[in-house]
Structure formats: C-alpha cells, structure tokens
C-alpha cells in the first residue's frame, strides 16, 4: 500500500512511486527565491557577481555576504538560505586546509566541489556507519570558481541534491532563467576578464528589480596571479560607470531618454 503525498513530503529519504524525492525538489525551489548569482569563466580568470538584496533601508549592505573565499585560489557565490551556505562553506574550507596539510599542495577545484556535494547528501536517516548530519536537504546552491594547475580556470554549479556540473557560464537564483538566456547569447570562448565583468553587471542590471549600484551588487574574480579577491565598492562603482558609458556609446538615444 502506497503512502499518501503528505507522507512522502515528510520523508526526506523515501522515494515516491514516481521515483521522486519531494524534499530535494523543494530545496531546489527554495533556490529560485534567492538572490541572483552569476559566474563566467574566461581564459584570463573567473568572474562571480551577485545581487545583494537589502530587506530594510536600515540594513547595512556591507553585512550582506553572498560571495566568500574558500581558499586563496577558490571562491564561491551563493543563492538560497545563507545559514545553510555557511555549513557548506565551512566544510569546504576544512577540506581545503586538510588537503594542504596532508599533501602540501592546494586542493583542486573539482575535488573540493565533490567534497561539498558529498556533504549535501548527508541528510535523512544516514547510511550504515555514517552519522546523520541534517534532518533535511540544504536549501542553497553554490557557484564554485577557482584555478588549479591541472585544469586551469573552472566554474562549478553545486546543487542541494549533491549534483554538480562544470560550466563556462552559469546563473542561479530568482533571475536565473533570464540571466541564463542572456549568457547563452553573450558568452564566447574569447571573452576577456574585463568583458566578463561588464557582462555580469549588464545581466544583473537586467534581472534586478532595483537600480544597479555598488551597494546592491558585488563582484569578485579569480586569477592565477592574484588568486581570489572581492571587489570593494569603489571598484564596483567604477565598473558600473564604465558599463553605463559603454551602453551610452552603443545606443545614444536610449541614454538620452534615461538621462532625461
């Protein structure tokens, strides 16, 4: 006798007769409510950009942390439940440090992503010999970007289901559908790092409800020379200004209307 739909909903490790895990599907839906995050990989580096939503005018935008460093050569952007992201990021940092201590080398990007996705599967009752870590799947997705000697610049999308894929360009969050369509049109293999920075800002501007500025958007990049770095507000403001000038040069009529 089959269980009811509500009973399958509550069972995080029980498949429905259709072969579905509803709690995992719900966790994927939670990500669609999160702020938009975009990653673009180029031959010069990887760029990450996120929308910083302020739920109150009294909220300090600097306290909204959507892009974080995992190691000197790896960083990530998140969309979904920030509290869940903290657990995944701490696990990733521990994995990176442990690998460095044991092997005296930096962990490669794919191995670290695999470690994070292994953690994402540790929910429910737990397998034999494994500790149950969580009562439900994580409600967050990560864009993990980095550089290593084996595979160069890489961008991975890690889901709450434990699935991960490598992308040249990827968008997650509430504006991901429109952003991904724009990435399909705009991305090409010869993109420079500067072009990728401006493309991320351009797409964020299109999908965000608020006017784009240095307080509600954040950028970071990873290069072989400088490692991972998050741009400060001044650097972000300069890039936004450069984007506006570029758009004005391409379509002066629209720029005149916007200025008026």
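Placed from the backbone N, Cα and C atoms, the Cβ positions cover glycine too.
As the structure is a computational prediction, the values presented were derived from the model and not from experiment.
For 55, the entry in Swiss-Prot reads phosphothreonine, with the evidence type a large-scale study or a structure entry. Mapped onto three states, the DSSP output places residue 55 (phosphothreonine) in coil. Residue 55 (phosphothreonine): 7 other CB atoms within 10 A of its CB, across all protein chains.
Non-local contacts of residue 56 (phosphoserine) by the CB criterion (under 8 A, 6+ apart in sequence, same chain) are absent. The feature phosphoserine is assigned by Swiss-Prot to 56 (among others), with a large-scale study or a structure entry given as support.
When secondary structure is read from DSSP and collapsed to three states, residue 251 (phosphoserine) falls in the coil class. Counting only same-chain residues at least 6 apart in sequence, none has a Cβ under 8 Å from the Cβ of residue 251 (phosphoserine). What Swiss-Prot records for 251 (among others) is phosphoserine.
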